[in-house]
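Lifted from TrEMBL, the feature list:
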- H37: active site, proton donor (ACT_SITE)
- 30-37, 147-150, I176, 184-187: ATP binding site (BINDING)
- Q61: beta-alanine binding site (BINDING)
- Q61, Q153: (R)-pantoate binding site (BINDING)
Amino acid sequence: MQVARGRAELDKILSSQKFHGRSRGFVPTMGALHDGHLSLVHVAKAHAERVCASLFINPKQFGPTEDLANYPRTEEDDLAKFEAAGVDLVYIPSAEGMYPEGYATLVDVGPVARPLDGASRPAFFGGIATVVTKLFMRVKPDVAVFGEKDYQQLLVIRRLVQDLDLGVKIVGAPIIREDDGLAMSSRNRYLTPPERRIAGELNQIMRKVCERIRGSVPVEAALIQGMQEMDQVGLRPVDYFELRSSDDLAPMPDRVLRKDEIATARLFAAVMLGRTRLIDNMAVAV
């Protein structure tokens with residue numbers, strides 16, 4: 001496995017015989033790797049002859065009150081995991097290299113970035129769209145893999161690639177979960193042992209809400225009951241708990257859904273547990 005930290009070093013490796021003429025998969029990450037990240041590598045390997053990954057904690061996607069300074073930094077461990085997973089190249093740019101003095105451009109992908117995380121974290125998707133655009137231009141992948149755990153991000157990247165004619169195939173990979181259903185996340189390491197025992201309840205409550213919606217309970221009533229159940233187990237405060245279209249994040253109606261609406265409905269949740277923000281999503285249809 002090769003590692004590039006500068007732009008010139010990256011270009012030299014990508015023009016070498018090992019990469020020349022070979023299809024290129026890409027998995028961008030912020031590090032603190034877990035099995036969810038590594039599952040993206042396996043998907044990339046199934047779609048491309050060479051796999052590149054990146055480690056970059058992107059300051060542009062953190063708001064002024066968010067945890068940039070405390071975000072886990074585990075580069076040595078991350079590199080070992082990438083190598084064991086069969087990654088061919090890891091790109092580790094610096095913040096100064098990505099955003100030199102005077103840098104001013106941000107990419108805005110429009111309505112798909114406005115609700116859910118976009119409403120509560122205004123800088124988030126502009127920062128993601130900007131860094132992914134720059135990484136795509138540098139790594140020049142044929143395929144890039146993003147996890148469905150960050151489903152809104154996946155839609156943002158698809159819109160970005162379509163609108164800017166970037167020519168990268170975007171592949172979504174399934175959410176990887178712990179045994180109790182908790183979606184794997186780098187931030188889960190912030191949970192205390194008592195909080196960790198509660199955290200798995202989020203997935204169970206979401207599943208029950210989806211079952212109720214499939215069983216002809218009105219959407220509004222199902223969501224209210226789910227939020228009450230979260231409050232009862234200590235999952236609070238709730239940032240959002242909403243049912244939206246899996247295609248474009250348009251809100252779903254509050255009434256009983258038709259079968260065709262259930263087929264495209266997706267439940268999204270973000271909730272605080274102690275100092276950890278948990279997010280999850282799932283399709284309503286089985």
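Quick reminder: no glycine exception, Cβ is built from N, Cα and C everywhere.
Feature map: annotations from TrEMBL on the structure.
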residue	record	DSSP class
M30	ATP binding site	coil
G36	ATP binding site	helix
Q61	beta-alanine binding site	helix
E148	ATP binding site	helix
Q153	(R)-pantoate binding site	helix
I176	ATP binding site	coil
S186	ATP binding site	helix
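Under 8 Å, Cβ to Cβ, and six or more positions away along its own chain, M30 (ATP binding site) finds L55, F56, I57, N58, Y71, S186. For the pair E148 (ATP binding site) and H37 (active site, proton donor), the Cα-Cα distance reads 11 Å.
In sequence order, D117, F125, I128, F146 are the residues of the chain that are 6 or more apart from Q153 ((R)-pantoate binding site) and have a CB within less than 8 Å of its CB. In this view, the densest Cβ surroundings among the binding-site residues Q61, S186 belong to Q61, judged by other Cβ atoms lying within 10 Å. The residue listed as 'active site, proton donor' and Q61 (beta-alanine binding site) are 19 Å apart (CA-CA, integer value). In sequence order, V27, T29, K81, G147 make up the list of same-chain residues 6 or more apart from H37 (active site, proton donor) whose Cβ falls under 8 Å from its Cβ. The binding-site residues in question are L33, I176, and the one with the fewest Cβ neighbours inside 10 Å is I176. Take the CB of E148 (ATP binding site) and look out to 10 A: across all protein chains shown you find 18 other CB atoms.
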